[in-house]
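K.L.:
Mind looking over this structure? Questions follow.
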Amino acid sequence: MAFLRSMWGVLSALGRSGAAVCIGCGSRLRSPFSFVYLPKCFSSVLASCPKKPVSSYLRFSKEQLPIFKAENPDAKPTELIRRIAKLWRELPDSKKKIYQDAYRADWQVYKEKISRFKEQLTPSQITSLEKEIMDKHLKRKAMTKRKELTQLGKPKRPRSAYNVYVAEKFQEAKGDSPQEKLKTVKENWKNLSDSEKELYIRLAKEDEIRYHNEMKSWEEQMIEAGRKDLLRRTIKQRQKYGAEEY
């Protein structure tokens, strides 16, 4: 896992060049969840498994999002979500009940379908299916979360001194392939003196300050939008015990 985190850091610093590194390896570097083993023999079983219904709030959001986008074409995703969340909170219980009742009805249908579906499976198939569903759920949850955070404009994490150096030197580095270029940059970094590295250390510290300031602003927006679930754990704890947020 440490290796994967290290590679992600380098690729983030490279931007498009990082994608080239992956292409040179034959495929893009996957997220850690992509390496979860999924038994292929049950893929067709999972494909025919009934899908869970979406929540009442998600139904409302999906219904309202196109409307809000059409009315506010230049609005940021965070602003749209904030407005939809506000509208949902202010929605009368009688109107919320429409979405809640629709969800309950779909959930009942889902339970009946999943019950009939499991009756057709052997015990070993059920065990393997449950494992595959969990694995796919974790992978999908991670991908969805990452996509959502990108759409919501979550600030990019600060770069290390080494990643700052890679971003600056990669294009001009010697090598016929992206892998060779990266190897050259890595060796050059190792050969830098402490005084030469000082510049990149300073830039990395500045980037860390940038990240802290942007995260503070972003999390304030998420609190206003009713998305406290996206806050960092330390911020959640401070809010829970009534301490200052920062």
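Cβ coordinates are placed from backbone N, Cα and C, and glycine is handled just like the others.
The shown structure was predicted, so the numbers you read here are calculated from the model rather than taken from an experiment.
Annotations for this protein, taken from Swiss-Prot, read as follows:
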TRANSIT   1-42  transit peptide
DNA_BIND  50-118  DNA-binding region
MOD_RES   Ser55  phosphoserine
MOD_RES   Ser56  phosphoserine
SITE      Leu58  site 'Intercalates between bases and promotes DNA bending'
MOD_RES   Ser61  phosphoserine
MOD_RES   Thr122  phosphothreonine
DNA_BIND  155-219  DNA-binding region
MOD_RES   Ser160  phosphoserine
SITE      Leu182  site 'Intercalates between bases and promotes DNA bending'
MOD_RES   Ser193  phosphoserine
MOD_RES   Ser195  phosphoserine
K.L.:
How big is the Cα-to-Cα gap, in Å, between Ser55 (phosphoserine) and Leu182 (site 'Intercalates between bases and promotes DNA bending')?
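P.N.:
Their Cα atoms are separated by 46 Å.
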K.L.:
Tally of helix, strand and coil residues over the DNA-binding region (155-219) according to DSSP?
P.N.:
49 helix, 0 strand, 16 coil
K.L.:
Compute the C-alpha separation of Thr122 (phosphothreonine) from Leu58 (site 'Intercalates between bases and promotes DNA bending'), stating it in Å without decimals.
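P.N.:
For Thr122 (phosphothreonine) versus Leu58 (site 'Intercalates between bases and promotes DNA bending'), the Cα atoms are 34 Å apart.
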K.L.:
With a 10 Å radius around each C-beta, find which of these recorded sites (Leu58, Leu182) has the fewest other C-beta atoms nearby.
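P.N.:
Among the recorded sites Leu58, Leu182, the sparsest Cβ neighbourhood within 10 Å belongs to Leu58.
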K.L.:
Highest CB neighbour count within 10 A among the modified residues Ser55, Ser56, Ser193, Ser195?
P.N.:
Ser56
K.L.:
Helix, strand or coil at Ser56 (phosphoserine), per DSSP?
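P.N.:
DSSP assigns Ser56 (phosphoserine) to helix.
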K.L.:
Including all protein chains shown, what's the count of other C-beta atoms within 10 A of the C-beta of Ser61 (phosphoserine)?
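P.N.:
Total other Cβ atoms inside 10 Å, all chains included: 19.
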K.L.:
Tell me the coarse DSSP state (helix, strand, coil) of Ser61 (phosphoserine).
P.N.:
helix
K.L.:
When secondary structure is assigned with DSSP, how many helix, strand and coil residues does the DNA-binding region (50-118) contain?
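P.N.:
So the DNA-binding region (50-118) is made up of 56 helix, 0 strand, 13 coil.
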K.L.:
Using C-alpha atoms, which one of the recorded positions Ser56, Leu58, Ser61, Ser160, Leu182 comes nearest to Ser195 (phosphoserine)?
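P.N.:
Nearest listed residue in space: Ser160.
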K.L.:
Give me the CA-CA distance between Leu58 (site 'Intercalates between bases and promotes DNA bending') and Ser193 (phosphoserine), in Å, as a whole number.
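P.N.:
So the alpha carbons of Leu58 (site 'Intercalates between bases and promotes DNA bending') and Ser193 (phosphoserine) sit roughly 54 Å from each other.
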K.L.:
If I take the Cα of Ser193 (phosphoserine) as reference, which of the recorded positions Ser56, Ser61, Ser160, Leu182 has the closest Cα?
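P.N.:
Of all the candidates listed, Ser160 is nearest in space.
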K.L.:
Which residue, out of the modified residues Thr122, Ser160, shows the minimum number of other Cβ atoms inside 10 Å of its Cβ in this structure?
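P.N.:
Output over modified residues Thr122, Ser160: least Cβ neighbours within 10 Å is Thr122.
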K.L.:
Would you mind giving the whole-number mean pLDDT across the DNA-binding region (50-118)?
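P.N.:
Averaged over the DNA-binding region (50-118), per-residue pLDDT gives 92.
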